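The following features are taken from TrEMBL:
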ACT_SITE  13  active site, proton acceptor
ACT_SITE  41  active site, proton donor
ACT_SITE  136  active site
BINDING   12-18, 40-42, 301, 327-329, 409-411  GTP binding site
BINDING   13, 40  Mg(2+) binding site
BINDING   13, 14, 15, 16, 38, 39, 40, 41, 125, 139, 220, 235, 299  IMP binding site
BINDING   295, 296, 297, 298, 299, 300, 301  substrate binding site
Ligand code: GDP
Ligand code: IMO
Ligand code: MG
């Protein structure tokens with residue numbers, strides 16, 4: 001048995017797509033378990049760049065089962081576009097499977113997300129994620145199976161569109177939806193993806209019992225988790241490792257390892273506290289060298305030094321067994337590099353990640369400073385070949401977190417990955 005959950009250890013965009021693609025070579029099944037098209041996972045293969053939003057990053061390898069689990073909220077229009085886009089580029093999508101239990105993001109969810117983010121400013125991706133998960137929890141959402149097989153779907157849908165129109169037109173004074181037009185559109189989209197729809201929990205369980213290697217590809221990151229993140233500046237799902245069980249339909253005993261993907265610095269998109277944020281020239285260096293512009297929305301990402309308080313928190317919340325440290329090459333030019341090891345809050349030292357965003361907002365980072373390596377490391381292929389100061393940076397981080405680094409990324413491409421330990425042992 002060999003199954004690995006891969007999670008973002010920070011605020012998302014840690015390079016999960018690249019690491020998933022790298023590990024997918026050895027995996028048999030790759031599963032997305034939560035989130036939706038708010039995710040933007042970039043994979044570079046040779047000179048081609050792929051941006052994946054809903055489809056697991058394992059799709060670029062032929063003959064791997066790529067699964068969209070029940071915990072994902074599926075925007076069918078976007079999914080169809082993504083499938084077509086991949087097919088056009090010669091990628092075979094016949095091994096894609098979508099959970100019949102996955103909830104659907106409706107056009108009215110996107111509209112409500114867009115309207116509500118104007119006043120309740122979270123800085124969402126406007127992909128309808130919050131409203132879709134809210135409806136799922138309120139039990140007024142629609143799953144793929146409802147659209148395809150429930151004979152009461154049309155009636156339920158009509159009633160729901162009426163309720164949503166009331167909110168959109170009466171309260172928000174915007175244009176509503178024609179339920180007949182929307183119904184036809186949704187039905188056609190569901191039919192277009194029907195050939196991929198399956199009871200995916202069965203597929204995953206069978207694969208695990210057959211000894212296949214299963215990789216659960218997280219989206220977003222630990223600090224965007226609805227329970228454990230910087231609430232309310234979070235997404236509406238559970239990107240943390242625990243979310244993999246509920247979102248894929250497996251038990252915790254089926255998970256062997258949890259790999260946390262962390263950037264060698266920190267970024268975040270959208271609103272919310274960020275103690276190590278660099279607003280001046282150093283932030284610009286990270287943003288430009290790291291090409292920190294959103295894959296989904298194109299927004300510039302906020303950048304700052306590595307925060308070990310956050311990463312220790314990610315170790316605890318996810319039960320991390322391994323770290324994949326990405327974008328080490330982005331740190332190449334700094335004469336010295338800072339790592340935040342604690343916060344100061346009203347003169348008091350804090351070592352655990354605070355429960356409240358308001359406290360975090362007023363936390364000052366306490367740094368250690370270590371020498372940089374000031375050398376291009378992007379073509380180094382083994383740990384021994386790294387400059388001494390780069391090794392020391394990695395070792396310092398391992399010491400602070402108590403977890404080993406198993407993979408180091410020194411560039412966006414597949415071969416720019418240093419393996420210290422085999423994840424699928
Ligand atoms: P994800 O959402 O976690 O999959 O991350 P994104 O794809 O949104 O953002 C990560 C970006 O960094 C992408 O453009 C990747 O191609 C790129 N990337 C990943 N690993 C590395 C690395 O080690 N070095 C550099 N320079 N870029 C990387
Ligand atoms: P990947 O998988 C970075 C952020 C948004 C916003 C908050 C809520 O590429 O790492 P939402 O649309 O989910 O309701 O927005 O969460 N966010 C992400 N930030 N990477 C992501 O995904 C994100 N998905 C959502 O910017 O602050
Ligand atoms: Mg991303």
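Just so you know, glycine gets a Cβ as well, placed from its N, Cα and C.
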Original post:
Of 18, 38, 136, 220, 328, 410, which recorded positions come within 10 Å of residue 296 (substrate binding site), going by C-alpha to C-alpha distance?
Top reply: 38
Subject >> Candidates near ligand 2 among the binding-site residues 15, 42, 299, 300, 410, judged by a Cβ under 6 angstroms >> reply: none
Original post:
Among the binding-site residues 38, 125, 295, 296, 297, which residue has its Cβ surrounded by the fewest other Cβ atoms within 10 Å?
Top reply: 297
Original post:
Which ones, of the recorded positions 12, 13, 18, 40, 42, 298, have a Cα no more than 10 Å from the Cα of residue 220 (IMP binding site)?
Top reply: 12, 13, 40
Subject >> Distant-in-sequence Cβ neighbours of residue 12 (GTP binding site), under 8 Å, six or more positions away >> reply: 39, 219, 220, 221, 224, 239, 268, 269
**OP:** Of 13, 38, 40, 136, 295, 301, the recorded positions listed, which put a C-beta under 6 Å from ligand 3? Please answer none if none do.
**Re:** 13, 40, 295
**OP:** Mind checking which of 42, 220 has the fewest other CB atoms within 10 A of its CB? They're the binding-site residues.
**Re:** 42
Original post:
How many other Cβ atoms sit within 10 Å of the Cβ of residue 40 (Mg(2+) binding site)?
Top reply: 19
